Amino acid sequence: MKKLNCPVQNYAWGKLGNNSIVCKLKSATTCGLDLSLSYAELWMGTHKNGPAKLLDNDTYLSDYLKENPHFLGLHENGDIQFLLKVLSVNKALSIQCHPTKEQAAILRMKDPKNYPDSNHKPEMAIALTNFELLCGFRVAKEILDNLSIVPELKGKLDKKCLDDLKNGNTEESKKALKSIFMMVMEGDNSFNKMVIDNAVKKIKEKVNPSEVEKLFTRLDSEFPGGDVGVLVSLFLNYFTLSPGQSVFLGPNVPHAYLSGECVECMACSDNTIRAGLTPKFKDVKTLGENLVYDMSPPNYFKCDESKKDEGIVKYAPNVYEFSIDLFTNKIRILEKVNASSILIVIKGSAEIEETDTLKVKSGDIIFIPASQEGTPFLNVSLDFEAYRAYTPKI
């Protein structure tokens, strides 16, 4: 087992300095962090945009694995298949989706500047704190109700499409939703600004605005000037995960994280199609063509975790690349999983008994080779919380 030094990403949407769990975790291995910066993501893996290094000698983990291929399971195809992250979200991320593997290859071929990554990016987020997000299209009735917040926009939309949308989750209503959504996405910015400004003014005059209306005004304050993402919020499910709850985001599901902190795991990819709530490159047409227009309630996207053993909670989405185990203070054995894995300690401390005892504490990140046999946990603190990601052997 090896301790890792993993990079952070200082994106503008991250929390500032020590307000960010990413900053606090990174402080375990790095002194003198600049607390005036935003700390958005901690990356743990071998992805070229944020590769991990061994803490003791600064060797890239990817090079270490090339020299020691037996540390990987045969089913891992010569490299770690997942990217594990911790996110600290202060303001909304972009309205986005992630393409399938086939779509990713086509996007890279057509536009390598904006889509340099050819892998797909199924992902799971597990809340560390209350975690707000937009995810998937709302059921049709809620979308139609929310459009009453922006009457000028609703009046410009195709009336037949609005009528067809009332038919629930049929193929006809999905086509109608796509048409309506693309009308909004491709709308004139000055018109969008007028619509949003008028809606915000009316909402602020209300004594008891709805949660959707509060979010609408908040997003406008974060992204002023008629950002279409503010309007998109009326179409998507808005909900909050409690600590320990999770969501799985498959290909082409529209989503945006809004606030809070989470552990996130995905296929080893940085492939994102964006179209709102961002100053970055927007690709409205590609996003609109690729999206899944199913209309489902929030529970459809939430995952059921299972207790594997005492002290272990298992999160196992139906994807090849990753599975995640949460270890709590009752953990006693670090089990052999026949795959390389990465473990991060979020809270507390413990000892892992090897040839030498390995002491781990909050912020420590450990690479565990596939050859590692079951190993006892000792002196586990009451507040211990750690996450382990690996590619399960089917």
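Numbers run from 1 along the shown chain.
The backbone N, Cα and C atoms fix where each Cβ goes, glycine too.
Whatever TrEMBL says is automated annotation, not expert-curated.
GLU123 is the only one of GLU67, GLU123, GLU222 that TrEMBL places in the Zn(2+) site (with GLN96, HIS98, HIS255). Residue counts for the domain 'Phosphomannose isomerase type I catalytic' (2-138) under DSSP (helix as H, G, I; strand as E, B; rest coil) come to 32 helix, 40 strand, 65 coil. Cα-Cα distance from GLN96 (Zn(2+) binding site) to ARG274 (active site): 4 Å (rounded to the nearest whole number). Taking the mean position of the Cβ atoms of GLN96, HIS98, GLU123, HIS255 as the Zn(2+) site, the remaining residues of that chain whose Cβ falls within 8 Å of it are CYS97, LYS121, LEU249, VAL253, THR272. In three-state terms derived from DSSP, HIS255 (Zn(2+) binding site) belongs to an extended strand segment. Within the same chain, the residues at least 6 positions away from GLU123 (Zn(2+) binding site) whose Cβ sits under 8 Å from its Cβ are HIS98, PHE248, LEU249, GLU264, CYS265, MET266, ALA267, listed in sequence order. Sparsest Cβ environment among the binding-site residues HIS98, HIS255 (other Cβ atoms counted within 10 Å): HIS255.
Shown in sequence order, SER94, ILE95, GLN96, LYS280, PHE281, LYS282, ASP283, LEU287 are the residues of the chain, 6+ apart in sequence, with a C-beta less than 8 angstroms from the C-beta of ARG274 (active site).
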